[in-house]
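A quick write-up on the structure given underneath.
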Amino acid sequence: MARKKITLVGAGNIGGTLAHLALIKQLGDVVLFDIAQGMPNGKALDLLQTCPIEGVDFKVRGTNDYKDLENSDVVIVTAGVPRKPGMSRDDLLGINIKVMQTVGEGIKHNCPNAFVICITNPLDIMVNMLQKFSGVPDNKIVGMAGVLDSARFRTFLADELNVSVQQVQAYVMGGHGDTMVPLTKMSNVAGVSLEQLVKEGKLKQERLDAIVSRTRSGGGEIVALLKTGSAYYAPAAAGIQMAESFLKDKKMILPCAAKVKAGMYGLDEDLFVGVPTEISANGVRPIEVEISDKEREQLQVSINAVKDLNKVAAEILAK
């Protein structure tokens, strides 16, 4: 059986971490693409030299040529300008649209059948732009957002309750920004809902509210601490989990920015936004789950925020 090919467009902190995780998990051969001369090649050589130590036997190479995307099974896109202190995801819009155009055309001409995962921010708009320029069908392109946001939610809950994070199931829907919706109703600890934990006095409502707020600003918290960049370990781990579900046909249900059809969650148009999504060898399939009236209202606010940014993106493209 031929080995799978995973191409990482953008060889920065997230791209390099993605490559390392892909090797450790033995997902396939790795190509690191970046426009910076020498940098992807240097990282690829460094990563290749970890293979004897890790006990894996895969190829890793760096490139500046979009032709090397040819026959990729998975393409994970992190290219773009990263967030800086005081910069919102939305500030990145104009710059990164141009990046998505270049990357999208590279995918279109070299690997139109690849499964594409977008990580570039502002996420919900960038995955929309990437599809526009690449022509990849709805079921073969998705944005990495909810897996990361949910991981942050789970981490904060586990820390607050002093339990194993593996016992915490928590989900976040909506746009990958300040309007995201951590689902307190369907989230649980070892099967016990957060609402029940609050009723039993094991979790104070004000602490839960603080955790929800911290989850929404989780990315910004890390940006403020790092001062010179943004998160990359957890975003890379999230992207690899999604890629692995596709490559191994795991059919995992993960919160992702998938193309949600009009009619689902009250949408009046097709829209990339974070919802529970099955990822299999056939690609992505958004799933509608029951949420509370309050969460539905919050989700609508988030949907409107994504739609507003899409309008701004359309105006930028029209100039």
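The backbone N, Cα and C atoms fix where each Cβ goes, glycine too.
Residue environment of His176 (active site, proton acceptor) contains 28 other Cβ atoms, counted within 10 Å of its Cβ in all protein chains. Marked as active site, proton acceptor by Swiss-Prot on the basis of sequence analysis: His176.
Here Swiss-Prot flags Gly10, Ala11, Gly12, Asn13, Ile14, Gly15, Asp34, Asn96, Ile119, Thr120, Asn121 as NAD(+) binding site, drawing on sequence analysis. Here the Cβ of Ile119 (NAD(+) binding site) has 29 other Cβ atoms within 10 Å, regardless of which shown protein chain they belong to.
Under the heading substrate binding site, Swiss-Prot lists Arg83, Arg89, Asn121, Arg152, citing sequence analysis as support. Counting only residues at least six positions away in the same chain, the Cβ atoms of Arg214, Thr215, Gly218, Ala234 sit under 8 Å from the Cβ of Arg152 (substrate binding site).
The distance from the Cα of Gly12 (NAD(+) binding site) to the Cα of His176 (active site, proton acceptor) comes to 21 Å. By a simple count of nearby Cβ atoms, those within 10 Å, the most crowded of the binding-site residues Gly10, Gly12 is Gly10. Checking Cα-Cα distances from His176 (active site, proton acceptor) against the binding-site residues (Gly10, Ile14, Asp34, Asn121) with a 10 Å cut-off leaves Asn121, in sequence order. Using a 10 Å Cβ-Cβ cutoff, Ile14 (NAD(+) binding site) registers 28 neighbours. In the three-state DSSP reading, Ile14 (NAD(+) binding site) counts as helix.
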